[in-house]
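Before any comments, here is the structure.
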Amino acid sequence: MRNKICEELNNTDIGKLVNLCGWVDRRRDHGGVIFIDLRDHSGFLQITINPDDGADLFKQAETLRNETVIMVSGIINERPKDSINTNLSTGELELKVKDLQILNQIKNNLPFPVSIHDYENTKEELRLKYRYLDLRRGKLLENLKKRHKIIKVAREFLDNFGFTEVETPLLTKSTPEGARDFLVPARLSNGEFFALPQSPQLFKQLLMVGGLDKYYQIAKCFRDEDLRADRQPEFTQLDIEMSFISEEEIISFNESLIKKIWKEVLNINFNNAFPRMTWQAAMDNYGTDRPDTRYQMLLKDLGGVLGNIGFNIFTKAIKSGGYIKSITVKGGNSSISNVRIKPGGDIFKVAQDAGAGGLAFIRVKGDELETIGAIKNNLSEEHIADILKITEAKDGDLILLGAGDKQIVNQSLDRVRQYIAKELNLIDKSKWNFLWVTDFPMFERNEDENRYEALHHPFCSPKNIKSKDSENLKKEIESSTANAYDLVLNGLELGGGSLRIHEANLQRQVLKTVGLTDKEIDEKFGFLIEALEMGAPPHGGIAFGLDRITMLIIGADSIRETIAFPKNQQAKCLLTNAPSNVSESQLKELDIEITIDE
């Protein structure tokens, strides 16, 4: 049907007869001549139809509506100099039409304009419902092509290092990995369910036990959790696992992979090793294990200075084992008003939404500190000197303080830090600040349920375990850091991994630490324990979020812009109206009865 696509055309085609297929992007009538912007998947070309070319042809062209599918044949001409479009690769060319065929008319008015000229004015709900029209606009297609290139580069890199791509099951066993599972009823086993995998974690470990040595997979994963801009109920991981490997070797190898992707896709070179930071340093200085290091405003601990000045909120925070921390906003006295950091203000609300009771503040004015009387009246000259030294605050700076539970203080000041950085344009968006975060704790304490929870997952290997007897082993595990590492970019986690537990006894003890009984371990993970007893090699790996990598590379705000047919933030597919009801006969086959609470 066609012998060229738009992007292939250049000055060497002038005078040649070509056949093109595509959509009518726009039609314009000027001085008795019809101009049509023909669009295909590769780009645009202006085509012209003159009454002198034939009355029937001209009449047919007059009926064309935007998005009509056409095939045209004609001669490539050079455009007049005053009509050259320097924004198009074909902007110096046009096609003088000799023949036009309508391949498909549009039936109704479109729900939104497909032309790139109206791209920004369309609500996302409509774009998701009519995703095929959104794809046709080109921007989304370019995103998908960029995603394809990322995958291609990763595959070639891993293939060259002797990795084998293996598909692992999508119908598997429900195991406690953190988020809720998506369950699939098993018709042939009444009352039993498969689960869609949250990750290929256990299968890739079993591949190492099987001697595969180096594995990777572009893996579909599923988590039934609340959504946000960078999450979807189904998502894609670049999943990697290796045998007989150290943590240092995994970090170094995967850093090379990421550098290769950025080089091939964006033509950006990183000559130096990515910096590293321990989990504890990240939490102390940024309040998060995913720090954005493109700007300052580091968290500073003022507990030793303010904990005993007699201000009740500060005293209570320290006595209960909490924090008093601060961030310093350079020049904040002029850029942030009191209204914004008091109850009802936008910055106050950011802290409140993160769980904080509020924000205290200190304004530095010359050698004096301006704050509420209950704080100021209890500050000695020594206190003031210590505050200025720790916070590194100068005249004109604003110090914001949080006090209370450690997690809430860190979380709220982290959110406030991010919010202010965006509001004051402190972020250099041209920077790619990669960071390895290492030495995570094995567990975090769930005080509500009086038990430990794995910070990553319960298959991470603890560091420096020496004990063999159960009681001492239990104590060592509980206080150990993990052989775990995350790669963070500009405040977002790109991927995370660890060395895995390859000894059955240690794996059983870790699972007991997170609250499972021996019986529960055998029921849920018996197959893994058994495999580890049969000569499992030391192994480890990492999983990168492919959707998130693509989002950052293309500069999008949501991973929905990297996925052909994503769900919305209510986990619904607006295109197919899924999830949806199923028939009574289908439910009967599965022996499932649905009851809905009134």
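Glycine is no exception: its Cβ is also placed from the backbone N, Cα and C atoms.
What Swiss-Prot says about this one:
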SITE      His30  site 'Important for tRNA non-discrimination'
BINDING   Glu177, Arg223, His456, Arg500  L-aspartate binding site
REGION    201-204  region 'Aspartate'
BINDING   Arg223, Asp224, Glu225, Gln232, Glu493, Gly545, Leu546, Asp547, Arg548  ATP binding site
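Nearest in space to Glu493 (ATP binding site), taking C-alpha to C-alpha distance over the recorded positions His30, His456, Arg500, is His456.
Arg223 (L-aspartate binding site) sits 55 Å from His30 (site 'Important for tRNA non-discrimination'), taking the Cα positions as reference. Less than 8 angstroms from the CB of Glu225 (ATP binding site) sit Ala179, Arg180, Arg231, Pro233, each of them six or more residues away in the same chain. Applying an 8 A CB threshold to same-chain residues 6+ apart, the list for His456 (L-aspartate binding site) reads Phe440, Ala482, Ala484, Gly496, Ser498.
Candidate recorded positions: His30, Leu546, Arg548. Nearest to Arg500 (L-aspartate binding site) by Cα distance: Leu546. Residue counts for the region 'Aspartate' (201-204) under DSSP (helix as H, G, I; strand as E, B; rest coil) come to 4 helix, 0 strand, 0 coil. Note: the Cα of Arg548 (ATP binding site) and the Cα of His30 (site 'Important for tRNA non-discrimination') are spaced 46 Å from each other. Annotation note: Leu546 (ATP binding site) sits in a helical segment as assigned by DSSP. Packing around Arg223 (L-aspartate binding site) is summarised by its Cβ count: 21 other Cβ atoms lie within 10 angstroms of its Cβ, all protein chains included. The Cβ neighbour count for Glu493 (ATP binding site), using a 10 Å radius over every protein chain in view, is 16.
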